[in-house]
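> Pasting in a structure now, in structure tokens, and then I'll have a few things to ask.
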Amino acid sequence: MIKMETDKIMDETNSNAQAFTTTMLYDPVRKKDSSPTYQTERDVCFQYFTQWTEAAQVDFVEQLLSRMCHYQHGQINAFLKPMLQRDFITLLPKKGLDHIAENILSYLDAESLKSAELVCKEWLRVISEGMLWKKLIERKVRTDSLWRGLAERRNWMQHLFKPRPGQTQRPHSFHRELFPKIMNDIDSIENNWRTGRHMLRRINCRSENSKGVYCLQYDDGKIVSGLRDNTIKIWDRTDLQCVKTLMGHTGSVLCLQYDDKVIISGSSDSTVRVWDVNTGEMVNTLIHHCEAVLHLRFNNGMMVTCSKDRSIAVWDMTSPSEITLRRVLVGHRAAVNVVDFDEKYIVSASGDRTIKVWSTSSCEFVRTLNGHKRGIACLQYRDRLVVSGSSDNSIRLWDIECGACLRVLEGHEELVRCIRFDTKRIVSGAYDGKIKVWDLVAALDPRAASNTLCLNTLVEHTGRVFRLQFDEFQIVSSSHDDTILIWDFLNFTPNENKTGRTPSPALMEH
């Protein structure tokens with residue numbers, strides 16, 4: 001009986017409400033009905049409501065809501081919103097769950113973390129006691145090579161992760177103040193790259209007979225260079241002094257690569273030689289090519305060499321003293337000037353104007369990339385991207401999977417001899433003595449205008465640029481002028497010198 005009466009009341013209420021919506025607009029500040037009849041009936045409903053189970057209460061409210069109009073739902077929603085909100089970051093520590101609150105906030109980026117600090121004192125306490133700025137910096141250092149390099153060069157790596165025995169951990173405030181300093185450093189480096197501002201250090205190789213540095217590779221401690229005078233010279237990065245000279249080749253050292261165990265070099269004497277990287281002792285000589293070895297690459301137990309004899313040799317490296325020929329790749333119609341490879345493809349470029357792609361696993365030919373108008377002197381390959389430089393003075397970007405040329409970069413006045421790229425930029429060196437820095441991201445955007453792609457041109461070498469490498473902080477280049485130049489974009493100080501050089505370059509020459 002009660003249920004029938006309730007349903008009747010609700011049906012009448014619903015029909016009245018529907019009629020009401022046709023005659024009245026929604027008034028958000030309307031006064032509540034306070035008539036004695038309404039209050040009496042409401043109290044009776046409350047008495048029934050409180051006697052029901054939770055499930056019955058929910059069912060009643062659902063039935064009630066289904067009989068309401070849209071604008072009434074809006075009013076209910078506005079009433080419920082603040083009731084449903086929970087400041088869980090503040091509530092979790094009260095339950096002894098500080099670590100969960102810290103873990104949640106640790107996923108924020110820098111801007112969000114700054115905003116979170118301003119929410120309330122409790123959020124600020126969680127961020128501070130959880131050392132969340134320190135954790136954010138550590139996450140960046142683990143995942144970003146620029147941050148990792150800065151940590152090492154600016155000497156704040158020691159304040160991250162677990163402190164060494166005897167060291168005390170810096171407080172939260174230290175890392176909070178460190179973060180904007182790091183961001184300023186990063187902005188400064190990027191700006192220096194774009195404007196060409198740098199500190200220049202110079203190594204004069206002072207070769208006695210034939211002058212010129214054909215190839216190089218570097219790390220934080222040393223530069224290993226291959227010279228036209230048949231030697232490999234190793235230079236200390238701190239004082240730029242030559243600490244070791246490796247002799248054995250009977251022709252110019254045209255290419256080299258090293259890892260933590262060996263240096264492998266190729267020469268115009270047609271040999272590939274293997275040296276102990278620590279002692280400088282020659283441990284192996286490979287005689288296969290019948291003309292100059294122009295380039296080589298090795299990685300993960302495999303080496304690829306190429307030669308003026310138009311062939312490419314693929315080698316298996318069991319140990320420094322045990323290197324065996326796996327396959328010879330033939331197909332180019334002129335000297336093969338450069339090779340690169342990964343686990344999927346071997347890529348070669350030749351004076352015959354073509355780039356050829358081969359399967360790494362089977363050594364079978366895959367495709368040819370055509371487009372350069374003259375011989376190709378250099379290339380780099382990574383992921384799907386190949387970047388090549390040619391004696392037609394141009395640089396081309398290719399999609400290795402479909403063979404399409406994505407972009408042509410023009411600006412050098414002579415043969416483009418060396419090229420490297422990372423995720424942001426391309427750096428090229430040419431026989432015009434110039435090094436150019438290009439915007440890779442823009443170059444891959446077909447909408448970008450060609451005249452906006454060259455960020456700057458560096459002119460210090462007085463001869464042909466033969467080889468270069470770079471990282472986030474520097475370019476290291478070598479030239480026919482018998483010098484190695486270190487272009488430092490991190491340590492440039494604007495008030496030292498307007499030219500971008502150090503105050504006394506002569507003091508840096510060795």
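Here, residue 1 is simply the first one shown, and the rest follow in order.
Every residue, even glycine, has its Cβ placed from backbone N, Cα and C.
Annotations in TrEMBL come from automatic prediction, not curation.
Below are the features listed in TrEMBL for this protein:
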- 98-136: domain 'F-box' (DOMAIN)
- 206-245: repeat 'WD' (REPEAT)
- 246-285: repeat 'WD' (REPEAT)
- 286-325: repeat 'WD' (REPEAT)
- 329-368: repeat 'WD' (REPEAT)
- 369-408: repeat 'WD' (REPEAT)
- 409-440: repeat 'WD' (REPEAT)
- 458-488: repeat 'WD' (REPEAT)
> Using a Cβ cut-off under 8 Å, which residues of the same chain at least 6 positions beyond either end of the repeat 'WD' (246-285) come close to it?
210, 212, 214-217, 224, 226-234, 291-298, 303, 305, 307, 320-321, 323
> Among 286-325, 329-368, 369-408, 458-488, which stretch has the highest count of C-beta pairs below 8 Å with the repeat 'WD' (206-245)?
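If we count Cβ pairs closer than 8 Å to the repeat 'WD' (206-245), 458-488 scores highest.
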> In the repeat 'WD' (369-408), how many residues does DSSP put in helix, strand and coil?
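Helix (H, G, I), strand (E, B), coil: 0 helix, 25 strand, 15 coil.
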> May I ask for the residues of the chain that lie six or more residues beyond the repeat 'WD' (369-408) and have a Cβ under 8 Å from a Cβ within it?
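Contacts with the repeat 'WD' (369-408): 334, 337-338, 340-342, 345, 347, 349-357, 414-421, 426, 428, 430, 438, 443-444, 446, 453.
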> How do the residues of the repeat 'WD' (409-440) split into helix, strand and coil according to DSSP?
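Per-class counts: 1 helix, 20 strand, 11 coil.
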